[in-house]
Amino acid sequence: MKNNNEKTEMNKNISEESNVTSNFIHNIIDEYVEANPDNKIHTRFPPEPNGYLHIGHAKAICIDFGTAEKYNGLCNLRFDDTNPTKEDEEYVNSIKEDVKWLGFDWEDRLFYASDYFEKFYEYAIKLIKKGKAYVDDLTPDEIRGYRGTLTEPGKNSPYRDRSVEENLDLFERMKKGEFEDGSRVLRAKIDMASPNLNMRDPVIYRIFHATHHNTGDKWCIYPMYDYAHPLEDAIEGITHSLCTLEFEAHRPLYDWVLKECEIENPPRQIEFARLNITNMITSKRKLKAFVDEEIVDGWDDPRMPTISGLRRRGYTPEAIKDFCERIGVAKSESIVDIALLEHCLRDDLKLKASRVMGVLNPLKVVITNYPEGEVEYLDVDNNQENPEMGSRKVPFSRVIYIEKEDFMENPPKKYFRLFPGNEVRLKNAYFVKCNEVIKDENGEVVELHCTYDPETKSGSGFTGRKVKGTLHWVSAEHAIDTEVRLYDYIMIEDEENEGEMKQNLNSLEVLTNCKLEPSLSEAKPGDKFQFLRHGYFCVDTKNATEDKCVFNRIVSMKSSWKKKK
Ligand code: ATP
Ligand code: MG
């Protein structure tokens, strides 16, 4: 029998090989299932509707819904809308769309914490009657002052020992709206000397004369998260309440609320590490600032790490779920390399996306010995690695475009692409040789004259000679004009402050004169392709018009991930 450390090490090795990572939550639930074979596992995903979901939430969604799926249980979608000030219907709708898009289903279990306001109130009355809660008249500043520090105990509020009757009366009047915002709160009566600051008589209700998106003006007292959340879980019959690590120190309060409210079969809170990714922001507050300051063109800007941004960029739910699977579920904080997310995307699209030719920075090439007016339709596989994807016809003619960077007049050694006198292969077509370079009055190369060798047609079995370079190209007469957007990360390393990130001011490059092969005229918003040598691209869902597509680059071809490993 191996000891525990060796076992963890072993699991890690297995997971690296098979891409199945261990999940400590499942180990806990396994034990629960063994002890309670008749209970259904019930989890929930509880977003606060104060912003769009980001990649970190995708991890939480995969854990909440994925765990329920694994144990044949249920997972609720619950809007944790107990704070009236920052919430919005737009966010509610986007969250629903994102969860669905990831492929999860809450069936008929869509809930709002605000639907439970009445019940929270009743439980508060119960706590007051048990002598476990009191109305405090201290100001927020005074409460802070009385709280003590990590090394010093707090002090009891002079209002702590009010009678049950007085507390009931004051709390009811708080509810009726007799008092100003901030003038009174309801606090749990726990222990002002507790080493855990969260247990020093936490505030559980505050006065807030604000209109709530769901309950309107019905309430002017609102419950605090730490009080409401365990009750929400209990009301919905949640068995395992999975959340991020910052709630670990709040768990004693979570358990206290359930115990003092006398909840039978209380849910169990389990914390896991938040997802952090290099070059990505995973804080709604900061992402909202990007939107508000118009640094991006909305929550779904293709550079945003929001689920809607990733979707618009061209990410697939499969790639995101694969990523969440691979990073596993652990209790220690870490930062995941964004290269892993990109690797998952390439891996998913590799066999799904048609491989087509697109020239991003065109240079005109005339094949002088190719008959004028002639067009050949070459048979090209849509995806060499996936024959099921069939083939298409790609036109070849006398005038084509190649990539500007695929030609150099004075190349360095080992440059295998086109230069005067050199011969290269045109992908799926012929060998061509460069004979003449045409320049404009500024000396810039504007056109090349080449000749082709009819013997070298792709697929003809020609073995006469070999060439080292293969270029992609597009027939000029048949090309589709399009705009392509290339993206860089919006956060990059700050060279001046080691370890710090800064905003990238050049995260968007718009190329307006791109030429694509004509098969792409059928492309619809959201369709994804591999452009040979350039990476994966997706038709933008917002900027595309009837006669013009805009393509977003999802990710380039190169993977830095494998090399790093
Ligand atoms: P943010 O800090 O971005 O505002 P939040 O925790 O306030 O996030 P909520 O709407 O409360 O946002 O989050 C819903 C659920 O998603 C919570 O259970 C939370 O723990 C989880 N979650 C939020 N961010 C991450 C993350 N980066 N990684 C994993 N889970 C996360
Ligand atoms: Mg939160």
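Glycine too: its Cβ is placed from the backbone N, Cα and C atoms.
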Residue in THR82, THR85, THR244 which TrEMBL records at the ATP site where GLU48, PRO49, ASN50, HIS54, ILE55, GLY56, HIS57, ALA58, LYS59, ALA60, ARG274, LEU275 also bind: THR244
Residues flagged as motif ''KMSKS' region' in TrEMBL, choosing from 96-100, 161-165, 281-285: 281-285
Of HIS57, LYS59, THR244, LEU275, binding-site residues neighbouring ligand 2, Cβ under 6 A: none
Binding-site residues close to ligand 1 - of GLU48, ASN50, HIS57, LYS59, THR244, LEU275, only those whose C-beta is under 6 Å away: GLU48, HIS57, LYS59, THR244, LEU275
Whole-number mean of pLDDT values that fall within the motif ''KMSKS' region' (281-285): 93
